[in-house]
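Enquirer: Mind looking over this structure? Questions follow.
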Amino acid sequence: MLDVKLLRNNFDEVKQKLQNRGEDLGEFEKFGELDKRRRTLIVETEALKSQRNEVSQEIAKLKREKQDADAKIEEMRVVGDRIKTLDIELREIDEKLDMILMSIPNIPHESTPVGESEDDNVEIRKWGEVREFDFEPKAHWDLGTDLDILDFENAAKVTGSRFVFYKKLGARLERALINFMMDLHSNEHGYEEMLPPYMVNRASMTGTGQLPKFEEDAFLIEAEDYFLIPTAEVPVTNYHREDILKAEDLPRKYTAFSACFRSEAGSAGRDTRGLIRQHQFNKVELVQFVKPEDSYAALEKLTGNAEEVLRRLELPYRVLSMCTADLGFTAAKKYDLEVWIPSYNSYREISSCSNFESFQARRANIRFRREPGSKPEYVHTLNGSGLALGRTVAAILENYQDADGSVRIPKVLQGYMGGIEKIELPK
């Protein structure tokens, strides 16, 4: 949520930045109109209240002097009725303004590239060499099926499309990746480990920006009015909802493993095969709470923490700075990490690392005090995937495959898999 004062005092500047996002400005313009009406009503209400006080004093004086006060009493009644009417309108406008404010996205940071589509995202760097195969490489869904480690068919029978069973060494590979990532982030990168709830309430989904605008993308348990989490970012960020943190306790850095649940509304026909776009997938998340002046340096470090996973797995990747049109609702600046997937002959997103500045903190009321007794300020929140597990498995299967249909295990994972070096075709 944006600062209301920023909207009121810098309306045209904010409007331009939202235009750079490609946003429909209808709601934003409505905010300006309603806020103007609100200020007019406040001025009128204050004037009427002042008038009511004056009339009340005049009535008291007339009564003390034994004079007729009926006309003044009627005047005060009319003024009082008008104040009640204006107060009702003010409450209605405040409710509308709150709803609109919740629907306005974050404004891009000045370093975010201005663009009209994903084609305008800017490549920052690449790492690793894309492998040249001397045989026809298989897609990960075929590799997983042939190796008997991924079962999409029975998952579709048990649940539906966009689900998978991990089996045998496939399940062990995923578990190895989880442990490797959590160990790396907690032991070397300084994150505190968490295992969060997989269901959250509406206040939590609102705090991180999924609600009210993107409810159709979420899975709702109607009987309880709980949502299955789309990412561990939601429960972990809301862990500090309504908190006032101490400055000396910042930054707070958390890493959390969780299952994630997404309806993928609007994704019909896209990535229908394999692990790239599932309704349920596992992910290791990175979340930080920092002082405002530290957030952009923190974003670079957080992005580097996610990159380190790919480097140790020796998977080729690139980093993109996302343009204004591809920034997402909550971010002021965002980097995407894309890993090379041979079956797509392209890089595919495996992590997003974002600085939300105070956008989420305002919605969730997460603040800190610089000194005891000082006025609380909003923290800046950041998060990143460190990494998405399904896409990491897909990248390993495809990049580490051999001509005989087997898949080598990255060296960094072999210790987590009991020394197993290769997944071979069943005999």
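The backbone N, Cα and C atoms fix where each Cβ goes, glycine too.
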Enquirer: Have a look through Ser111, Ser117, Ser385 and flag the one Swiss-Prot assigns to the L-serine site that Thr231, Ala232, Glu233, Glu285 belong to.
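Expert: Between Ser111, Ser117, Ser385, Swiss-Prot records just one in the L-serine site with Thr231, Ala232, Glu233, Glu285, namely Ser385.
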Enquirer: Who sits close to Ile350 (ATP binding site): which same-chain residues at least 6 apart have their Cβ under 8 Å from its Cβ?
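Expert: The answer is Leu310, Tyr317, Leu337, Glu338, Val339, Ser385, Leu387, Ala388, Arg391, Thr392, Ala395.
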Enquirer: State, in Å as a whole number, the widest CA to CA span among the L-serine-binding residues Thr231, Ala232, Glu233, Glu285, Ser385 given in the record.
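Expert: It comes out at 9 Å between the most distant Cα atoms.
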Enquirer: By a simple count, how many Cβ atoms lie within 10 Å of the Cβ of Glu349 (ATP binding site), its own Cβ left out?
Expert: 14
Enquirer: Of the binding-site residues Thr231, Ala232, Glu285, which one sits closest to Glu264 (ATP binding site) when you measure Cα to Cα?
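Expert: Spatially nearest to Glu264 (ATP binding site) by Cα position is Thr231.
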Enquirer: Which residues of the same chain, at least 6 positions away in sequence, have a Cβ lying under 8 Å from the Cβ of Ala232 (L-serine binding site)?
Expert: Met194, Pro196, Ala256, Phe257, Ser258, Cys260, Lys283, Glu285, Val287
